[in-house]
Amino acid sequence: MNAPHMNDTAADAATLDDAAAPAGRPALTRREQKEAYENNKLFKRIVRQVGQAIGDYNMIEQGDKVMVCLSGGKDSYAMLDVLLRLRERAPIDFDIVAVNLDQKQPGFPEHVLPEYLKQVGVPFHIENQDTYSIVKRLVPEGKTTCSLCSRLRRGILYRVAGELGATKIALGHHRDDIVQTLLLNMFYGGKLKGMPPKLQSDDGKNIVIRPLAYVKETDLEKYAELREFPIIPCNLCGSQPNLKRAEMKALIRDWDKRFPGRVDNMFNALAKVVPSHLMDTTLYPFQSLRATGEADPQGDIAFDEEPCASGDDAAAPGAAQPISIVQFDDL
């Protein structure tokens, strides 16, 4: 799906249903008008960002059948909602099927998702698999079960995608999830690894996409409240929270408040990698590197804190002094 087309589609779709007072009702107050305006801005921003991500990474193509994985959380609800809006005006044809994995967690409200999906008119499939009992049997009480649960869920969803004939699997990870994963891998895994917007699945049979890759979590929280999605709690399994990921989430929230733009810069850095200025010998041929005699615009000069002084400035206090280069012929 080409980015320009998707952006046009996003612009066309970006009108919130209830942004104005319905006919026959009293005119909106100034406060209500302001809220409606802000809500419409939020919707337009999310739709634009989803459309841009889809276009940038060619996530959805003509004839695709997109399996939208719906957990009952705010992120997957928002992803489905926006994809449905975009599909209405997309320049290509693609199908959407919503899939939920009922893992038989105690207290899981089985009726919520089917009722919602019937209401919005989306084809859906509920996969019933008691992974909860497996996880409880294998993971000691009080430990985090998320990792094992995730692996089991992933394998089941890959199988279901094949059975349904889905060509793309859409997950609801957002910008904050991606940055959190980057930090977790750096701090605890010793590697530069994030969460890509598009990838081939572990089994090599599926393409996984993340249409919300450019969207902030705070925007999704506001959007879920605005759209009144029937949210299903994510702690029904009784698992202890992933403390390391919770730590990264709190760190990102704090940075967003105290240092606006910092998290965005970190996120943008994932798409602007300079292998010659890292240390991975598999990405850059350091061992065979030789001087070419030609200036490199991405060389070390890009990291100078300030330009070297010249002319009259050279003698100023604190100014950089010229360096004498001595030839050592006997070395």
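Placed from the backbone N, Cα and C atoms, the Cβ positions cover glycine too.
As annotated in Swiss-Prot, region 'Disordered' covers the listed stretch 1-33 rather than the other ranges in 1-33, 34-66, 133-165, 166-198.
The list of residues near the motif 'PP-loop motif' (71-76) in space but at least 6 beyond its ends in sequence, with Cβ under 8 angstroms from a Cβ of it, reads 100-101, 112-113, 171-174, 212, 217, 220-221, 223-224, 229-232, 234.
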